[in-house]
Amino acid sequence: MAPKQRDASPAARVPPVPGKASQCTASPKEPPPPAKAAPPTFKRQTSIYALTPDRRWLRPSWAFPLYAAALGLTLLLCFVWQPSYELLRLQYTFVGVGLLLYRVYYYAHKERILYFIDLCFVSSIFLIWSLWFCTDGRCSQEWLWAVYLVAQGPVAGATFPLQTPLTLHHPEAFESFFLHASPMWISYAVRWRWAGFETIPSVGQLVAAAFWKIFFPWFIAYLIFLLVQPFLPDKIAGYETLVDGLILPSLTTEQRLNAKRQKYSSYAKGVLMATSLHAVLSSSGFLAAALAFQYHEVQIVWILCVFMGCLISGARFYYQSAHPQYVAPGQLQGFINMSIAWAFVLPTYCHAAGYYRFW
């Protein structure tokens, strides 16, 4: 016999009131609320650093013709055309300051604003300032020698260990090249085309002037700041410096801050080693610049060595962007390139000075 069915509950037997839904009667399903819109993805959150090889840098853009024009015009004014001194410094200031201001904006967003205390930026500021305020004998010859030597030596020579590429696809990428290479061009124009120096000092006098007038004061201030940075307020202590890129690479701001404070002795040792290497490499650059100051042919060879090194690094950069499987040479290649440059500069100096006659 089939089991007896249970009666419906009393509530179920209550007839519904017209126009009013019963509490026990299922009401029609309401449409689900609209899904929240995904937060906007800003370009800088998904961006790739301008000097990291990537296929996107091969796409045609306004940057290529713009920076190629700026590069070509600067080279023509410094080496080929005969502009006035006023036009030369105006053009160089316009391009140089424009790129520096962009980098201030860019580095402020990337928390790399302390890169501006590095010698390359300090030298560029001194150079542009000297172009405008060191005319008519208002600056000593020793100061002008120092500005010339720093621009021609450590700043230009840094392109070898850094393997700075000549690239045109992005303002940050072009500024990296222009910051290091262009000061030697403007210094060449002042030295050889406008006779901006009253006397021709010896190699020792040039190196001493550059060391005591600019490099040594900057070096001491830079070293002290790096050593006390971990004890400064969190905001400043967490900012990345150029030395951090060598001794604390690929760390977040929090990780970098903890590494500096919790392992201070290790950090301080790294700072001392990095700055000592900087001083040694700068000495090599000072010597090359001093030799270039003496003879025009040495100057041309030194400029060509730096330019060709950047050109080759730029070709490798774009090749790696198109072929991700390509592995670019490591840091050792930069020091090999520096040795090759010396292999051209030193014999040229010996020939120009009359020590040997190679041709």
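Count begins at 1; order follows the chain as displayed.
Glycine is treated like the rest: Cβ placed from N, Cα and C.
TrEMBL does not curate its annotations; it predicts them automatically.
TrEMBL has this to say about the protein:
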- 1-40: region 'Disordered' (REGION)
- 62-82: transmembrane segment (TRANSMEM)
- 88-106: transmembrane segment (TRANSMEM)
- 113-131: transmembrane segment (TRANSMEM)
- 174-194: transmembrane segment (TRANSMEM)
- 206-228: transmembrane segment (TRANSMEM)
- 270-293: transmembrane segment (TRANSMEM)
- 299-319: transmembrane segment (TRANSMEM)
- 340-358: transmembrane segment (TRANSMEM)
Ranked first among 62-82, 88-106, 206-228, 299-319 for CB pairs under 8 angstroms with the transmembrane segment (113-131): 88-106
Considering the transmembrane segment (299-319), which listed stretch of 174-194, 206-228, 270-293 counts the most C-beta pairs under 8 Å: 174-194
Leading contact stretch, 62-82, 174-194, 270-293, 340-358 vs the transmembrane segment (206-228) - CB distance under 8 Å: 270-293
Residue numbers, six or more beyond the limits of the transmembrane segment (62-82), whose CB comes under 8 Å of its CB atoms: 88, 91-92, 95, 168-171, 174, 178, 182, 185-186, 188-189, 193
